[in-house]
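These notes concern the structure reproduced below.
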């Protein structure tokens with residue numbers, strides 16, 4: 001039972017991450033491979049704040065705001081230029097973030113990471129048990145999904161779709177495209193911060209390997225498999241992708257080979273979906 | 001003297017990065033695909049040569065084998081994946097995601113077939129030979145890296161300006177529609193271009209592998225530095241990208257004197273940010289094609 005609960009909790013956390021990616025890749029159509037880096041920033045920010053004794057809402061808010069600001073600041077230079085500059089920026093952010101997580105050991109604990117991250121209590125009930133924590137992640141996912149749906153229906157969301165379809169037309173209509181893009185990258189960053197903070201609470205232990213480039217590729221694969229630009233796609237994807245390791249456990253692989261075998265499967269899925277079904281299972285055309 | 005040694009070491013690894021940069025730029029300028037899987041081909045080359053030399057093949061043959069395998073894999077990739085996507089008018093984003101998928105496939109296939117850990121060219125006897133030129137120590141593999149990279153740069157520039165095939169490639173990359181009218185088949189040209197780039201990128205991979213060691217996942221870092229050099233040098237200029245690669249690697253090595261090497265990626269990325277803030281068009285060329 002606990003095993004199944006953990007699976008659902010992780011899938012819900014990654015659904016929030018997939019939504020965060022969806023804003024960039026699905027809605028405005030810019031590539032991102034740095035989602036795990038932001039998730040890591042959120043996780044570390046929450047962990048450090050919570051370990052310092054800050055109450056849950058403050059620590060969570062701190063993680064969200066920090067991720068939003070960081071995402072805006074790092075993507076600002078390349079968003080001015082658009083196109084392939086952002087690809088380089090995205091790879092760069094991911095690699096630099098991993099270097100920071102590993103090497104800024106005073107704050108991040110270096111390779112050994114941070115252990116014993118406290119779980120919050122609500123109305124006297126601790127969320128340390130998965131069956132309690134699943135309430136938190138489910139509520140968070142509902143909030144995130146509602147936010148996504150409302151945002152996409154608002155006039156702001158419609159302009160964002162217009163950017164993907166014809167950026168020049170949006171400029172011609174007198175909209176400030178850069179400001180719109182920065183706005184959505186702040187939202188995307190905050191979502192990633194939320195995902196990261198929940199991840200840190202759930203595992204109560206974080207280390208740099210949880211936020212490496214492979215994880216970014218995994219999150220992108222979730223979005224691609226589930227389908228871009230729809231709410232259902234972002235939720236289906238994580239549930240499918242996180243079940244792959246369970247199937248792989250049936251084949252006995254040496255422990256060092258498990259990671260590469262998984263990543264290989266993600267790569268095959270990415271290529272296959274781009275070739276055969278770029279809209280994913282329940283999404284729209286990329 | 002330490003500074004001089006760092007400078008020379010930086011220039012040598014810069015030449016290797018330079019080959020990655022010019023081959024990436026060659027593919028990018030012609031096909032328009034942001035070919036991140038190029039890093040996967042870099043990884044593949046070193047391991048193929050390692051395996052072949054481990055089978056008792058003499059080193060030059062192992063190197064040639066790596067180049068041939070790289071070229072073949074590149075050609076298949078272009079023909080089977082990119083061409084299908086291009087004919088379907090897939091967006092650049094879709095091509096990029098497919099390329100990322102190919103990168104994951106190549107790197108992890110290498111990790112599964114060989115090992116995800118560090119690997120050294122035990123079978124190559126001369127990998128530890130040193131040469132002293134005045135106060136500078138150079139290993140034999142370093143000298144080969146330098147010589148082969150410069151030869152590849154000169155060869156690629158001459159090929160693209162002097163030979164018929166090279167001129168055809170430039171025709172396709174500068175105006176695809178016009179080239180098609182004059183009975184050039186762009187898709188055939190693309191296969192040739194990706195094959196050439198994928199074969200050549202195996203060379204620095206092998207020599208760097210012999211000199212230091214190999215690990216399947218480090219190539220992303222190499223490619224990132226190379227792509228930064230391509231953007232800073234200007235997409236259309238092969239020597240520009242090569243020169244900037246060397247400058248970047250030398251700077252990376254010189255800051256080693258000031259801060260620990262584990263921060264060098266942060267330093268390179270910072271340079272990139274500063275660069276695109278000040279001069280996004282590149283030093284030697286015009287603005288990125290699709291970035292308008």
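Using the three backbone atoms N, Cα and C, a Cβ is placed for every residue, glycine included.
Listed in TrEMBL:
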TRANSMEM  A:7-31  transmembrane segment
TRANSMEM  A:43-73  transmembrane segment
TRANSMEM  A:85-104  transmembrane segment
TRANSMEM  A:133-151  transmembrane segment
TRANSMEM  A:182-205  transmembrane segment
TRANSMEM  A:211-228  transmembrane segment
TRANSMEM  A:259-276  transmembrane segment
Hey, does the transmembrane segment (A:133-151) touch the transmembrane segment (A:211-228), meaning at least 3 C-beta pairs closer than 8 angstroms, sequence gap 6 or more? no
Paired segments the transmembrane segment (A:7-31) and the transmembrane segment (A:133-151) in contact, 3+ CB pairs under 8 A: yes
By a Cβ-Cβ criterion of under 8 Å, what residues six or more beyond either terminus of the transmembrane segment (A:259-276) are in contact with it? 214, 217-218, 220-221, 224-225, 241, 244-245, 248, 253
